[in-house]
Amino acid sequence: MWAAEAAFARSGSWREEEDEQEALRWAALQRLPTVARARRGLLRSPAPGEDRVQGDDALCEVDVAGLSPGDRTALVDRLLADSGDVEDFFRRIRSRFDAVQIEFPKIEVRYEDLTVDAYVHVGSRALPTIPNFICNMTEAFLRHLRIYRGGRVKLPILDNVSGIIRPSRMTLLLGPPSSGKTTLLLALAGRLGPGLKVSGNITYNGHHLNEFVPQRTSAYVSQQDWHASEMTVRETLEFAGRCQGVGIKYDMLVELLRREKNEGIKPDEDLDVFMKALALEGKQTSLVAEYIMKVYGLDICADTIVGDEMIKGISGGQKKRLTTGELLVGSARVLFMDEISTGLDSATTYQIIKYLRHSTHALDGTTIISLLQPAPETYELFDDVILISEGQIVYQGPREYAVDFFAGMGFRCPERKNVADFLQEVLSKKDQQQYWCHYDYPYQYVSVSKFAEAFKTFVIGKRLHDELAVPYNRHRNHPAALSTSNYGVRRLELLKSNFQWQHLLMKRNSFIYVFKFIQLLLVALITMTVFFRSTMHRDSVDDGIIYLGALYFAIVMILFNGFTEVSLLVTKLPILYKHRDLHFYPPWAYTLPSWLLSIPTSLIESGMWVLVTYYVVGYDPQFTRCLGQFLLLFFLHQTSLALFRVMASLGRNMIVANTFGSFALLVVMILGGFIITKESIPAWWIWGYWISPMMYAQNAISVNEFLGHSWSQQFANQNITLGEAILTGYGLFKEKYWFWIGVGALFGYAIVLNFLFTLFLTLLNPIGNIQAVVSKDDIQHRAPRRKNGKLALELRSYLHSASLNGHNLKDQKGMVLPFQPLSMCFKNINYYVDVPAELKSQGIVEDRLQLLIDVTGAFRPGILTALVGVSGAGKTTLMDVLAGRKTGGLIEGSITISGYPKNQETFTRISGYCEQNDVHSPCLTVIESLLYSACLRLPSHVDVNTRRVFVEEVMELVELNALSGALVGLPGVNGLSTEQRKRLTIAVELVANPSIVFMDEPTSGLDARSAAIVMRTVRNIVNTGRTIVCTIHQPSIDIFESFDELLFMKRGGQLIYAGPLGSKSRNLVEFFEAIPGVPKIRDGYNPAAWMLEVTSTQMEQILGVDFAEYYRQSKLFQQTQEMVDILSRPRRESKELTFATKYSQPFFAQYAACLWKQNLSYWRNPQYTAVRFFYTVIISLMFGTICWKFGSRRETQHDIFNAMGAMYAAVLFIGITNATSVQPVISIERFVSYRERAAGMYSALPFAFSLVTVEFPYILVQSLIYGTIFYSLGSFEWTAVKFLWYLFFMYFTLLYFTFYGMMTTAITPNHTVAPIIAAPFYTLWNLFCGFMIPRKRIPAWWRWYYWANPVSWTLYGLLTSQFGDLDQPLLLADGITTTTAVDFLRDHFGFRHDFLGVVAGMVAGFCVLFAVVFALAIKYLNFQRR
């Protein structure tokens, strides 16, 4: 006992001693100057030499800028754990400032009489056809010259709106699609683009936007999640924090520390360290990133890369949270957040909004957030609501009075109705009547304009008007509230951060650079064996020409190797534009590090080439000349990288940038002095010769070689060396100083081009091709002065979807085409997949992973069934298994259709599957998409008129009549809104007249009103007697209770409920409430949310109940089993459904339908077709004027070489451009075909052959454009035979290049990988085509590849068809010997005119070869994994 007392006494004295030591440490810290004290803090850590235990921590003085990752994590965990929740944590921060009477800067945002108008095209004029594209370009040019201002219709987006966004209050922005929410947020953030007409005033604390920097004062969180896919979540947030800086945090902290010291206040140690670390952010610490990851739930994926469609990374919901968190690590006092909950479940959205609410209240921030479908508990977190529709503000004020305003107008929110949903639906003409509560008076539709006018007389509206009438007192503005600096960190720090960021990206993309190095090494090895020194001589001018070809190929390779910068930069541009617009850093802070970091790659590539080729080829052996070649290739590579960065920043679109890059490369090479000699370039193009980097490289590398000792022998008794004769004969300079002129010029080009890259990145914006579709009624309502038109499409990025006006449809039971109602039963379904290697590495020993476990159920005609479960429960997996959409894995169990075993080929004909991704051909209109689907999926005996009537009935059923002529477009880019695209997906399946329809998440990503429209569509379909099943993710009460039956799955792929919902979900609620311990549902609470909460994994652990086992033991399970047993037996009078053929249509009907669609798609894809034609016109004019009358010059060997050079350059560059530009087009169409082929619309071969066929007329036009212009300007011999031969070879050459691009896309997963696979073959075709080294000079071991090279056959045909029959004298390069063109072509190249027919057959044969391989790849290769 005495020992115990002594121990307690020692413990007490030890604690007193610790307290004294802590007091001494604090006193020592307080004696430091304030600035030094801001960097030091007391951090609780284990006593030295002891393990961390509860209550056994000691305070240690630390530098807050140097906290270890473990200390940062532990500090954040302690703070949030001690506070209990985020609200208490923010309250502690606020209390610390209040204790010393420091106020936070407040910002009030006002907008008065704000009007924003867009200019749009209407009707068929809005479709992106080739003629419309040309008209748009012409009109834009004339408008720029102020000559023409017509052609477009004005559409109001925001119509004279006014309001106040108050500090310390959370504002919710609600409104239906196309109401102007995004435009309002962009306008308030000072981010509207130049294409809109804006009037009105926007002020922050009474200051106009031009008096400060709004991009630094506020932060706009976009709907788009643009991030560097190679970076982890932590790295993304840390980089954003370093760029944005700490703003006023540091100054406020210093003042706080000064006042606390004066008043003798000792703050909490952990909170003190936390606030100091946040105020010193932007240096090396990342505590703010750690904190944001913790409160946003991103800590579980902190070290996971962000990823994209190519790289597996974080989920879509996590990416959306990262987008928000990226700006919260900054110092903006005003937050504009645009639909930040897309892809998030309601619980996560609630936590995020809750954090923002407490942050706004405690720190006096100003926050406005637009949400799609806020849950009731989320809606309650907001202080104010702004309700906007048709560009007019209907209500703005406290959330509590919004319902009262509409009640005064005669519209009441039902008891079980989400208020946010009510506010959006009450403005809709389709939904308004159900909320009318003045039954004594007849209902009349109240328009948005009437609501807006009524609000002005409402008490809240009057108060708002009175407040706006009194100008903001600018003297109340806190001096630190509005940012006047463009950037939050010093320029040097930004440069350093960018350097580290880009270095990290280079390391993460190291496989690209390694692949380029390996590719260059392989080509260097091939070059070494082609120009092998044992076959290379130095005896004549002809030998010199071979060396010139080798040097030229080296230059071309180094120049070509920079082309990958185009795709790499275009992929990064959205991120760079986002960073630029948010004022993360100036563009030069990005371009300078990118230039510096490219130096090592240039050193490696040029060094590798010289090291492998120089001495093996047999160049001049002097070491100084070897170093000279290395130095020259290094600066050429730097010039090449800069040139293609300029083209990428100028093009800004992959297809356009690739075209620009090809054009730049072509201009540089054709005027470089090798393909066409200097003497042969016309006077009007000689300026191009002098500004071509290739010219300086060609002259410098040639002088470096041919003035060497190896070429010093005297030439033909003349007073010059052989080397000088070669230089002179090829129009090259022979003075030594031209080497240094070349090096200096290339260095200068690298500097100038990098400057232009910076300039374009600063001045140019993303190409504004984002569009939306607005219905005819809507645009007439908004702009009554406009003449009637069908559709308005071209709204850029300011309208993201459309409101749909019309009348409710009656339930439809009969349609023009009958169908057979069918049921589907499935029993004991199990599904297994192979365990991925990454999971095995984590300790999983099984070879197979089971995703579905003994799932049993049934879907019946006229019954709408919901398939619900948390993420990972297996909802989509089950539906894919039942629909036969899985491409891998093992399936067990039985599936029957109306009692007969399911046959997949038959089932495809009678079922429809609406995928979540809404994949459609982007260049078709709505009605064309439906007619196309109906043509291929309805039986062949259905005539055209009946098919058309049926399609129109389906359009009426899904409410798409008003949008029949609208372009489908690409998701998030142009065309239909998300909600309209959902309904199109349903309609496309419905026109197949299916008996069973599967729908995967039909309401995901939609606002409440759009979701209601989609569900009304679904209910209409069910009422026709079809069998429908939908997966659904946490639906609202209205949506959930529109279903008849429910299949509820828990994580792991097990059913825990299968049966009817009952009225107001009574059956479901009674089933789960009968389980002991399950909490009862609250009145008015969403049954879907309740059932997910009470059946969670945590609840299972608390209750000790396995809900799947409970269901299997229940009476409900027995009833389901009995129903399945009954439906699994066919009726006596029934027959098994069979079809005579696999597809509805025969082969040629499939081919004709696919060709019809592809023809429309090509006609409406001007970025591909029109740009290709425009590029061809420019190239043909340029080549024709450069090669002026080349075809009529036939006196010397150089004349033949010049003509061949022009043909070679045209074939190679126009061909490669065709191959590159077709790859994204084929990739999109192949992606669409995966869905269409899975639906049984057609087989692979008709689809592939339609893509091959549709190119024929476009390539023909391209060939005619180039052939006619170039042939005329080049003055080739105008005979019918020679001209037709020229057109023939150009046509089939461009055709096989295009088919080659299609083939490389078909054999690779996507159009990003396709160019990488295709590029090495372009290089080999270039090397072995016979231009740089004739066939007779190619070593015997490589000569076979000359015959396997399609470009060599093209040059054979083009040159021989034009010059192969000429008998006139031809002067050779030595200036002495003469021969005939026939003999020269035969002796030098091995070309014979009588072989022309075989050559033509070979060129056409390559077209057939590539087309067949493309078709077979489409048929047998499937890169979609489900």
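In case you wondered, yes, glycine gets a Cβ from its N, Cα and C as well.
Feature annotation from Swiss-Prot assigns ATP 1 binding site to Gly175, Pro176, Pro177, Ser178, Ser179, Gly180, Lys181, Thr182. Per Swiss-Prot, the feature ATP 2 binding site maps to Gly869, Val870, Ser871, Gly872, Ala873, Gly874, Lys875, Thr876. The annotation domain 'ABC transporter 1' is assigned in Swiss-Prot to 142-415 on the grounds of sequence analysis. Feature annotation from Swiss-Prot assigns domain 'ABC transmembrane type-2 1' to 493-706. Under the heading domain 'ABC transporter 2', Swiss-Prot lists 824-1076, citing sequence analysis as support. What Swiss-Prot records for 1149-1363 is domain 'ABC transmembrane type-2 2'. Under the heading transmembrane segment, Swiss-Prot lists 511-531, 544-564, 592-612, 630-650, 741-761, 1168-1188, 1200-1220, 1245-1265, 1283-1303, 1313-1333, 1341-1363, 1398-1418 (among others), citing sequence analysis as support.
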**Surrounding residues of the transmembrane segment (544-564) on its own chain - C-beta under 8 Å, 6+ positions past either end** = 512, 516, 520, 523-524, 527, 531, 536, 538, 605-606, 609, 613, 617, 619, 629, 633, 636-637, 640-641, 643-644, 661, 665, 668-669, 674, 694, 697-698, 701-702, 705-706, 711, 722-723, 725-726, 730, 1319, 1322-1323, 1326-1327, 1331-1333, 1337, 1373
**Fill in**
The number of other Cβ atoms within 10 Å of the Cβ of Gly872 (ATP 2 binding site), counted over all protein chains shown, is 13
**Message:** Between C-alpha atoms, which of these binding-site residues comes nearest to Thr182 (ATP 1 binding site): Ser871, Gly872, Gly874, Lys875?
**Reply:** Ser871
**Complete:** Filtered by Cβ under 8 Å and at least 6 apart in sequence, the residues in the chain of Ser871 (ATP 2 binding site) near it are Asp345, His1033
**Request:** Work out the three-state DSSP category of Thr876 (ATP 2 binding site).
**Result:** helix
**Request:** State the residues, same chain only, that lie 6 or more residues beyond the ends of the transmembrane segment (511-531) and have a CB under 8 A from a CB inside it; answer 'none' if no residue qualifies.
**Result:** 546-547, 549-550, 553-554, 557, 561, 564, 568, 601, 604-605, 608-609, 612-613, 616-618, 1316, 1319-1320, 1323-1324, 1327-1328, 1333, 1338-1339, 1341-1342
**Request:** Report, as numbers and ranges, which residues of the same chain sit near the transmembrane segment (1245-1265): CB under 8 Å and 6 or more residues beyond its ends.
**Result:** 1147-1148, 1150-1151, 1154-1155, 1157-1159, 1162, 1169, 1172-1173, 1176-1177, 1180, 1214, 1218, 1222, 1226, 1229, 1233, 1236-1237, 1287, 1290-1291, 1294-1295, 1298-1299, 1302, 1306, 1411, 1414-1415, 1418-1419
**Beyond the site residues Gly869, Val870, Ser871, Gly872, Ala873, Gly874, Lys875, Thr876: chain residues whose C-beta lies within 8 Å of the centroid, for ATP 2** = Thr877, Met1049, Arg1051
**Spatial neighbours of the transmembrane segment (592-612) far in sequence, C-beta under 8 Å, 6+ residues away** = 495, 498-499, 501-503, 506, 513, 516-517, 520-521, 524-525, 528, 554, 557-558, 561, 626, 629-630, 633-634, 636-638, 641-642, 645, 750, 754, 758
**Asked** Is the transmembrane segment (1283-1303) packed against any residues at least 6 beyond its ends, judged by a Cβ distance under 8 Å, and which are they?
**Response** 1211, 1214-1216, 1218-1223, 1226, 1251-1252, 1255-1256, 1259-1260, 1262-1264, 1266-1267, 1271, 1276, 1314, 1318, 1321, 1350-1351, 1354, 1357-1358, 1361-1362, 1396, 1400, 1403-1404, 1406-1407, 1410-1411, 1413-1414, 1417
**Mean per-residue pLDDT computed across the domain 'ABC transporter 1' (142-415)** = 88
**Request:** Taking only the Cα atoms, work out how far Ala873 (ATP 2 binding site) lies from Pro177 (ATP 1 binding site), in Å, as a whole number.
**Result:** 31
**Where Ser179 (ATP 1 binding site) falls in three-state DSSP terms** = coil
**Message:** I'm a bit unsure how to read this: which one of 741-761, 1200-1220, 1398-1418 has the highest number of Cβ pairs shorter than 8 Å with the transmembrane segment (1341-1363)?
**Reply:** 1200-1220
